[in-house]
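Peer 1: Handing you this structure, nothing more for now.
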């Protein structure tokens, strides 16, 4: 089948841009899609994102409104109300539908209305808006009604607010007004009318047979305003586009055209190729067979009830506006606001509100989340090793958190550690110097030196808790702590056994006491060997290891030692608790007269201090989540060390240095349970 060339000077529907469905259709006006793009850019220019959209219930209104709805969502424009108004004035439901439309607009509190409608439906809507007292709005119109005299002549039309709209850019057709003026003069002559009737009869038309009575009263002044409208040039260009295509198809020169048969479909190739000139302006059909000449932005400017169509901008792919020329209906004549949301700032996400999916509040991203351009409807969580403040656009790397050597608390504790270790060393030196005195021998002799050495090592182990931890340091902390306490408590166990034998089993004490005394170091070694076995189990089952705690601190990663096997941990430290408990049972009930030195009392108080310290350590360690955990462990070690020194060794140093007269065999002998007969005597 053959294709018939069609050139339209008014068809703007976007459906006609489909060249597969309409391969022979061309037009000299822009598509409605271009118009909608211009409207969307205008709304974005003034920040209007909460608007009402109304279209006439016909192909033009439905098509343009459909294009606008699709494009508005892509540009963050929320349509609060979308409706169609009837085009048939004879429809009995016209009034009801218009009133319902205006009522719905009122409920939305929008300040901007986009109207895609022809002249008559637009006029009806504007009349009802004025009658129903619709508040002043910004009306954005199109060429279909913007330049209509009927719409502009509605009584009290100025009360609707501000009217802005787009009309197609079009040049003037030279000589057209003179042609119309001459034609208008000829119509009034009988000769012209007779020739027109004869021509109509030859063409078989009866159009001129009926006389138009009102037309006799139309003057040139009545039609002059319409002669400059934009619709004139598209018609002119449409005719010339076909003429140029025919000229090329025939191979015409400036002098003549060859006579040759040309079919309509043969012109399609020439319509698609070279541009053509019309009155010095170049035109060319694009890939969708249209000519996008652009638009002018028109403002209805009223001066003393006189309307002027004032150009305030233009659109040719991008919108340019001279805002200073627009006098809005607001008190300060500046653009009103019409928004259900504001542009969110970096670090904020859109939180939907109400039932409008495009309406939202801007909410700050919480801590440890960030906002990204890819997903503006929510905040993305930072990775475990990262953090972010509230309202952030990126995540930051967490800094490592542990007890630094330069930390004030660390310096204070290290000073206390040095003091405690120095005190233990001085005590050991004093005991070494007075090793053969009764008080030192009664306190354990060389066993006391061994215990004091263990206390010095225990104090120095505080250094393991300062600085950046590692898997090796984590394991070493528990091993050193457990072994040093075992070494100290094993010497107390020997003294507790001696005291128990003398006080609770005096008859068999001489023989057993000799065995215990001679094998004291063996008992200490057995205690240490048992603890070493438990430490080996601890290392095999799962020693403490370094873990990164990302939950305790908001901006830092806390490096802590994590216990892998609580069973092995409890066995290792519980063994020391058992040794301490046995020592306590063997000494806490021992009483002596005021004339004897009670060695058991020192062990009792040292063990009590150890137990109280352990209770406080568990309570604090379970609740603290910062470097204070390391501080708590150091404080536990130092408190235990100072408790043992203060309760057991310092009183003996006091006697050696300040009361040497009490350092005698009689005063320092082992406490014994006195017989009742002696008591009664």
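Placed from the backbone N, Cα and C atoms, the Cβ positions cover glycine too.
The transmembrane segment annotation in TrEMBL covers 409-432, 444-467, 479-499, 520-546, 566-590, 602-624, 630-650. Summarising the annotation, TrEMBL assigns domain 'G-protein coupled receptors family 3 profile' to 409-664.
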Peer 1: Check for me, if you would, whether the transmembrane segment (409-432) reaches the transmembrane segment (630-650) - at least 3 Cβ pairs under 8 Å, residues 6 or more apart in sequence.
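Peer 2: With 3 or more qualifying Cβ pairs, these stretches touch.
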Peer 1: Given the cut-off of 8 Å on Cβ pairs that are 6 or more apart in sequence, determine whether the transmembrane segment (630-650) and the transmembrane segment (444-467) share at least 3 such pairs.
Peer 2: yes
Peer 1: If you average the pLDDT over the domain 'G-protein coupled receptors family 3 profile' (409-664), what number do you get?
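Peer 2: For the domain 'G-protein coupled receptors family 3 profile' (409-664), the model's average pLDDT rounds to 88.
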